């Protein structure tokens, strides 16, 4: 099984929006990632439009279809439409991405930092998952590795989960990754047993990706943005994407 790399281009939009105008060009950055071999492009449009905007979503949808790579839209399915943000379901209706990842983040969060609460939100999620699937989208739910109810994602109709890897990255940074890897491996096995595909993302980097993939079975896709864009400032965007692909292929070790 080959793990796919989906590059999250949110941070390109952060840099653009910090100055206004169109530079750096999010579509051109995504095109470079695809040219380097990325299997897909991920975006997480937020209602406050702090980075990716609706017009970026439409343009990136066209680009990914043109190049035959996956488009993954992340977002909070409960966030209502507002000026400049038509809502996650409407964005997916307009662009029909191959995958939508449902993330329970609030408007004020700096970044996604927790997974779905099945007890609280399961009843609301089921009809939304069905609605996304009628659009032809594969549906993935953002989950915490320690959640005992991961199998509930399958019962709600989801196709995959995305394991929130922030805690693993923190543990790896402090040289304490083994207990975290055991937790994530158990989560992956439980998901697989329930018939779910396994994605992973958040704070994965060249420093920790190889160890994660070696320790966690059956990972179909990793979504990486913040670290990849940061590393690209030193290494260049296309070489950085190729470095990640080499790690995924087992052709490179973790970075020093």
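Just so it is clear, glycine is given a Cβ too, placed from its N, Cα and C backbone atoms.
Residue density at residue 8 (3-amino-2-oxopropyl phosphate binding site): 25 other Cβ atoms are found within 10 A of its Cβ, drawing on all protein chains shown. The feature 3-amino-2-oxopropyl phosphate binding site is assigned by Swiss-Prot to 8, 19, 203, 225, 226, with sequence analysis given as support.
Here Swiss-Prot flags 44 (among others) as active site, proton acceptor.
DSSP assigns residue 46 (1-deoxy-D-xylulose 5-phosphate binding site) to coil, not to a helix or a strand. Look at Swiss-Prot and you will find 46, 51, 111 tagged as 1-deoxy-D-xylulose 5-phosphate binding site.
The Cβ neighbour count for residue 74 (active site, proton acceptor), using a 10 Å radius over every protein chain in view, is 26. Taken from Swiss-Prot, the feature active site, proton acceptor applies to 74 (among others), supported by sequence analysis.
Other Cβ atoms within 10 Å of the Cβ of residue 162 (site 'Transition state stabilizer'), summed over all protein chains shown, number 27. If you look up Swiss-Prot, you'll see 162 marked as site 'Transition state stabilizer', on the strength of sequence analysis.
Taken from Swiss-Prot, the feature active site, proton donor applies to 202, supported by sequence analysis. In the three-state DSSP reading, residue 202 (active site, proton donor) counts as coil.
Around the Cβ of residue 19 (3-amino-2-oxopropyl phosphate binding site), the number of neighbouring Cβ atoms within 10 Å comes to 9.
A separation of roughly 24 Å, to the nearest angstrom, links the Cα atoms of residue 74 (active site, proton acceptor) and residue 19 (3-amino-2-oxopropyl phosphate binding site).
All chains included, 20 other C-beta atoms sit within 10 angstroms of the C-beta of residue 203 (3-amino-2-oxopropyl phosphate binding site). Taking the C-alpha atom of residue 19 (3-amino-2-oxopropyl phosphate binding site) as reference, the shortest distance to any of the recorded positions 46, 51, 162, 202 belongs to 51.
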